[in-house]
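The block underneath contains the structure these notes are about, expressed in structure tokens.
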Amino acid sequence: MGAWALLLPLLVATAQAQAQAQVCSVNRTTFEVQENTNRSEPLADIYVPEDQKVTLGPSSTPSAFRIQGTQLFLTMIPDYESHTVLQAHLECRRGDTVVTQLRVFVSVLDINDNEPKFPFMTKVENVSEDTKVNTIVIPDTELKAQDPDKNDILFYALQEVTPGASNFFSLVGANRPALRLDQTLDFDRWRNMTFQLLVRDTQEQNVKPSHTATATLVLEVQPADLRPPWFLPCAYSDSYVCLQAQYHGTVPTGHKLPDPLILRPGPIYAVDGDRGINQRVLYSIVNDGTFVMDADSGNLTMSRAVPSPKVFTLLVKGEQADHARYSVTQVTIEARNANGSLLHFPESQYRGTVALGSGAGIPVRDAASPSQPLRIWAWDPDFPGLNSAITYRITNNTNFRMDGKTVVTAALLADEGVFYAEVEAKNTVTENVASAVVEIQVLEQEAPAPTGGSHAEDQRFSTVEMAALGGVLGALLVLALIALLILVHKHYGHWFKCCSGKAQEPLISSFDNQAFCATQDANWAPAPSPSPAPSPAVASEPEPPELPSIRSLDSASESPEVARDGGSPAAVRSILTKERRPEGGYKAVWFGEDIGAEADVVVLNMPAADAAGAVDSGSEDSDEAEGPGGGPSDASSTCV
């Protein structure tokens, strides 16, 4: 028995080995692979008997595996969001008969490779102005983002776009994106607010990999009926409270005024305190029968006269047209005797003008504003409601009359002069009277100025006269220039001759005249414009647009006349003339106002290229070259 006990395991193992040698097998049947992994090595080894062959069965994940020889390979890059498990179905066949079926499973592991996404790009939400604080305005189910990665936890944040909006709204939590109201809304101040809603699939921003997404939230505040009508003007107001106006007025005893009463600080007027709703306001008097109020306008009128002095305290109600809200204010009306009331003119004396020869019915113009007619009016400070009962007339001048409040002519004005008239204002209700003086100047009317594009002739000088004057002045100018040229040639002709020799070829690093400073480089760039000086007479000889050598002379060597007079008001004003020389240089001469004064001549040579350009531009006008003191900036010298 002991020997059989030792041989039994060996016999079982041998039997199993023989049985296994007759069927297919794999060395491993389950695997785990991270998604997005490209696995090139064999996944499993397959044992296939010699008389059998192995193929992929129909229940294998399509395009996921291949068999090469006796090895199983993964042919696709796994994606957790597409397949969480891949299956390889192996069939071992002997001929057409399936001998063995094997299954190999590959579990795909999820990694953070997808961005979260909101179900919207922009979400607009209406929020009523009367929403209670701590109310969830938008639930998290409407704001949650979706992330295909199974194990991702999303973190949310709310960033204000509208400055100050974060004081009103916030998220309930970092992982719960429900929107909550934190502060009472005010439609008048905050009609809409915009936020950026952010989501991230990692708690820390700098973690790799990390993905984010954003969406826009727009909250439109809707007005709510929270406030009653407000009587204006408010003594104090904010978005919630108005210390509304109370009104005051006066009426004369014994008289029924036909027009609406004039009240202080203004007419009865109320508006809906909720401006976004702006309900129409209806007016009514709560407790009186002496006065009548128009329901739409709020105008207060008298239904009968008040026989004796009395004070009326009226309660006026302003109610929204939908009858949802109303408010009440107080109107105080004082009835008193008007006999002692005095009329007042804004000015004690008025001034007007009218054209000579004006006929009847022509308005007198206001002297202070000639484009406006002269209007005169008076007012009753105690009973402003009686101003419409005031009439006007002129009492002491038959040339003028009143047309309402406007002064107009009553007859043909044939004489020029100053007229005075008294305007009487009378209150037809109280019989009170006041007067003012009007000073009216009757003037000869000036001819109107010609309009743009008009060819009318001026009354002072005709077009022919102006043309003749211009011709005479032009002829005198030509004669003066000719005389000036003759005198210059007569007195300074020998100077021109001595300077007519051929100039040496100039070098950029040297100077043509002793007036130049040897230690100073020639400046061929344009110099700044000289300071303003008395306008000298300039010869008509042309010169090049730039004359750098004149501007680069030593400022210490002034013209003799300038040095002698020192730039005083009596100093001799210099005249600069320049003449282009055939050899390419220029000759500059300064003359004093005294034609016999000594002349200063400077010969200025230019480089050949500039000289040639000067010949081509000989038709251009000469520029004045003056030094800071108003005289020439060139050194004083003679021809050498």
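Positions of Cβ are set from backbone N, Cα and C atoms, glycine also.
Copied over from TrEMBL, here are the features:
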type     : residues : note
DOMAIN   : 127-231  : domain 'Cadherin'
DOMAIN   : 243-348  : domain 'Cadherin'
DOMAIN   : 346-452  : domain 'Cadherin'
REGION   : 525-577  : region 'Disordered'
REGION   : 612-640  : region 'Disordered'
SIGNAL   : 1-17     : signal peptide
TRANSMEM : 466-488  : transmembrane segment
For the domain 'Cadherin' (127-231), the mean pLDDT of the predicted model: 93
Secondary structure composition of the domain 'Cadherin' (346-452) [DSSP: H/G/I, E/B, coil]: 6 helix, 48 strand, 53 coil
Number of helical, extended and coil residues in the domain 'Cadherin' (127-231), per DSSP: 7 helix, 41 strand, 57 coil
